[in-house]
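Down below is the structure, laid out as structure tokens.
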Ligand code: SF4
Ligand code: SF4
């Protein structure tokens, strides 16, 4: 079953969440059922980017061609990769090649292949995104991933987002929980200023997390790739 | 048994390695059997800092007093914490309080209490440190920690260090492996310039790691606290 692919790139490092720093290839799929106000990959769903439908085996060959022998980990990101049933076959093929697979999805659409993912990040979206979380669906997600290597990650722009994150963490207390700095300017090319802004936001996020007893076992992280490469794509 | 303590601070976040981003308190012990050229905590062993010998129970009370209810994780760092037998009692007391404990040590001195640590980082020092690794001792360490939640971390300043890291990773292929950017200026207060330098070094480290097939399953990370707070102490 074909998968609409926006870009295949790497190897580079995973700049976010539970496998931060991991050397990995990226496969970015097209399409999202959300439209977050601050989406940093809106080109996957707003019509400004172009996708090509590819068979899983074609994607495997592209990964090999681009990454050579220099990787053993593949991250499937989006958009929302969980829109695409065909990813199940891609995951199986990656595993046959000895590669581990990571996925990030907001937890709005279930796919059976999610059970086979090595590192799953579920990233429900806080109020500043303009989206509304269907907690019934998220409960279903977290129940089905109870035995998986899954984590929750919430991007934080303001105090209301932080309150939302506390609620999510309290709802699923056993799931490893990550807080992440938001990027408020996903188009600027003034990297020095962006880095300064991101580090200030990160310091603010550390401050409020440190003062919240609810967040005692949370991990508080920035986006490493944005610190290193700004808003550049494909790195 | 008393432990020489340089500082107790937090809660803040762990800026390095296997539990990067984790909210944690820090207990920094005095003394080191090494004297790395670029040591960022040389005040623990070069006579410029002052330590106070404390009973484990006193340290627990200090942690409670400073951290209140806002933590559930304690990082014991140094210097080399593995110089001190008394830390075994401190670790037990932390566990009795429901706190997890992380330790970082270069792997030159063994202590039985290392088996009880929740997150252990072994950080052998590369050639640029001026130190020489006793691989016999390190083998003993890694064998004894085979069932522990242990990782290896090597700080990289130059290509020779990277070669050393490849050798270490090949020697213990099953142990989670972290590469970390070095901080070449541990005294500057020019934070903007330091951040730029650290991010450039991080990008360089990503580049060589991406091109090394030996490092396919490594994680490549900066020091987050240095990016946020520069060379400030106690944050
Ligand atoms: S869920 Fe993710 S990809 Fe979709 S709009 Fe929101 S941020 Fe963008
Ligand atoms: S082992 Fe660590 S504390 Fe000791 S001198 Fe080296 S860097 Fe400093």
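Keep in mind that glycine also has a Cβ here, set from the backbone N, Cα and C atoms.
A:77 is the only one of A:77, A:108, A:123, A:128 that TrEMBL places in the substrate site (with A:13, A:14, A:15, A:28). In the record from TrEMBL, residues A:38, A:39, A:40, A:123, A:124, A:125 bind S-adenosyl-L-methionine; the candidate from A:79, A:86 listed for the same site is A:79. Residue A:36 ([4Fe-4S] cluster binding site) falls outside any helix or strand according to DSSP and counts as coil. Contact annotation for binding-site residues (A:15, A:28, A:32, A:38, A:123) versus ligand 1: A:32, each with CB under 6 Å from a ligand atom. With a 10 A radius on its CB, residue A:124 (S-adenosyl-L-methionine binding site) counts 26 other CB atoms from all the protein chains. Shown are the binding-site residues A:32, A:39; of these, the residue with the fewest other Cβ atoms within 10 Å is A:39.
Applying an 8 A CB threshold to same-chain residues 6+ apart, the list for residue A:123 (S-adenosyl-L-methionine binding site) reads A:104, A:105, A:106, A:107, A:152, A:153, A:154, A:155. In the structure shown, across all protein chains, A:14 is the one of the binding-site residues A:14, A:41, A:77 with the greatest number of other Cβ atoms within 10 Å.
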